[in-house]
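**Q** Taken from TrEMBL, the feature domain 'P-type ATPase A' covers 197-298. Taken from TrEMBL, the feature transmembrane segment applies to 68-85, 105-122, 134-156, 162-180, 314-336, 342-362, 655-679, 685-704.
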Amino acid sequence: ARVALIPAFWYLHTLIISTLSDTLHVCDPMAEPVAPVAPAGPSPHEVMGHGGHGGMSMDDMVRDMRRRFLVAAVLSVPILLWSPIGREVLGFGVPAPFGLRDDVFSLLLSLPVVFYSAWIFFDGAVRALRAKTLDMMVLVAVGVGTGWLYSLGVTLTGGGEVFYEAATVLTAFVLLGHWFEMRARGGANKAVRSLLELAPSTALVVRDGEPVEVSTADVQVGDLLLVRPGAKVPTDAVVEVGDSEVDESMVTGESLPVAKAPGAEVIGGSINTTGTLRVRATRVGADTALAQIVAMVQEAQNSKAPGQRLADRAAFWLVLVALIGGSATFLLWLAAGETVQTAMLFAITVVVITCPDALGLATPTAIMVGTGLGAQRGVLFKNATALETSARIDTVVMDKTGTLTTGQPAVTDVIAVGLAETEMLTLAAAVERESEHPLARAIADLAAGRGLDRLPTTGFHNVPGQGATAQVDGRSVIVGNRRLLTGANIELGALAGPYDDLAVAGRTAVLVAVDGRAAGVIALADASRATAAAAIAALHESGVAVVMLTGDNEGTARRIADQLGIDTVIAEVLPGDKADKIAELQRAGKRVAMVGDGGNDAPALATADLGIAIGTGTDVAIETADVVLMRSDPLDVPVALRIGRGTLRKMRQNLGWAVGYNAIALPIAAGVFAPAFGLVLRPEIAALSMSGSSLIVAVNALLLKRLRLPAA
């Protein structure tokens, strides 16, 4: 009677855990992949999958599993009623039909359960054995098959105590667990698919000057698209005509709409909020940012951390221990003079309690929660190894430009001599509007922001590496560095002191001369990102050293470092030497993370123990990195490291619990302490404790969601 209660507890944990994570599936996880994302490499569950589902879509698999469950559930009811537990515990007194013995009637009813409903477990066990591995399917097949074959032998030899109800009820509960589990898997696929469906189904392609509605799937790279206010951007593109604000929150996490002007990039699936835009498609289909984000998250969740590979090997040996231990327990109790039924009870208890679900769940659940937590903050871990590596980082090297700073120079000081500041800035801006240099654009933007007049310019001449000259409203204007003015025989005079002071302070000083006389100096600097200082403070709080790496001069680098609280500065580094600096730190025993955004950062990102790319960076930097910060926020660097540390901590806690549980429970289940202390673990209690162990592991992983992270 006690054996019949085992299945209910054995798969109680499956029903619970399947609602917590979609990584526990034993059926083919890549059925019905979410286009256009390429499926990740085969997981161990694919190798151990059910052969009966080959070629089925996810919906078909769910229906097939439901049919198998219903057959097992319906037939298990009469088998249970005409079993010893039905007769003795439930008081069921109706005789078996057709004058059959109870065990013969149960045998006939069990045939569809074993050879249809449970067949996928036997097939999965065979596949696992062919793959030279052992998994939970082997234990299920052994549990169901052994109980049924033993009962068959008893029936054919004249009758006795049988276990048909245990085999069929166990099958029904296992199938129920996998049915819910696959439904959860299908729900997860739908959740991922909903991300991809953020992109509209149709797009307006401009052809011969007129918008034509086509399917988004038919949009080609280079097509000109019309995006009206309130409409979604069909695919990744660059703005050619129009100004607007675009809501990109579903991709980057940025809550405020982002201003877009000609030349700006827009992300497929984002929402155009104000003006009408004409955009040129740059990436379509699986190449879009949204599709790549989904693919990256899927890959990370399906990948294995080094700790998971260790757990898999341990689970293999634990299954082997369960099988050998169960057999040995059965034989030893027989040798001790106990009945076959008693020996069978102890053997089943050993197999049940040694099921390696808790060990198998220890790291995947933590990885699933960790990657999901990161994705919520726009921190994308490319694989589980990156997640685990981030926990061990003790030194973070940050590129200055574009990482700690905005990468866009802004005017900090305006000093005029001999002319009013407004007049000097108006003349300088007239020249700079003709230039494409970032410093020139910053000066022109300042003048525009102040509402200064736009004066006509003639005779513009760019002097590479020095500046530019032009005639503005009939006046000769020179804007550039000291070398340009010296070449024109213009003395700095009263501007010499301010010019030198600005240079020492790490600012870039642009001189202005009007009609052969020095008229002013405009200082510019690369502004620090708003959250850079908070990011450095959060890293220091976590015990992580911060190093700033830059090609700028020592003065400029030190100014930024002092503002942000960075102690170590490595300045005047050539792009090709950044990787060497990373290697030097590693040789000193540091575990180094490199944070960068440019193509010249790619070698350093690859050399570092952990490469972290700013989301606004170049494709090569993002491709090389292990972690991508979609919000381009330096504060997400400590977020990534804290998520890594929290995930690794949960992995270790779960592994410790799983190993400790099995080490203690196995000898108790085998009855080792029964002769001396009378300590006997009932099979149903063993199943309940095993379920509780798995539940503890899953809940402990979910507690990672309470991890304290730096405020966004």
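Along the chain as shown, residues are numbered 1 onward.
Glycine residues also receive a Cβ, built from the backbone N, Cα and C atoms like all the rest.
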**Q** Suppose you look only at the domain 'P-type ATPase A' (197-298); what would the mean pLDDT be?
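**A** Averaging the confidence scores along the domain 'P-type ATPase A' (197-298) gives 84.
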**Q** If you count Cβ pairs under 8 Å, which stretch among 105-122, 134-156, 314-336 touches the transmembrane segment (655-679) the most?
**A** 314-336
**Q** With helix taken as DSSP H, G or I, strand as E or B and everything else coil, how many residues of the domain 'P-type ATPase A' (197-298) land in each class?
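**A** Across the domain 'P-type ATPase A' (197-298), DSSP assigns the residues as follows: 20 helix, 41 strand, 41 coil.
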**Q** Hey, which bits of the same chain come close to the transmembrane segment (105-122), Cβ under 8 Å, at least six residues off its ends?
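**A** Counting only partners 6 or more residues beyond its ends, the transmembrane segment (105-122) has Cβ contacts under 8 Å with 50-53, 68-69, 71-72, 75-76, 78-79, 82-83, 96-98, 137, 140-141, 144-145, 148, 151-152, 155, 162, 164-165, 167-168, 171-172, 174-175.
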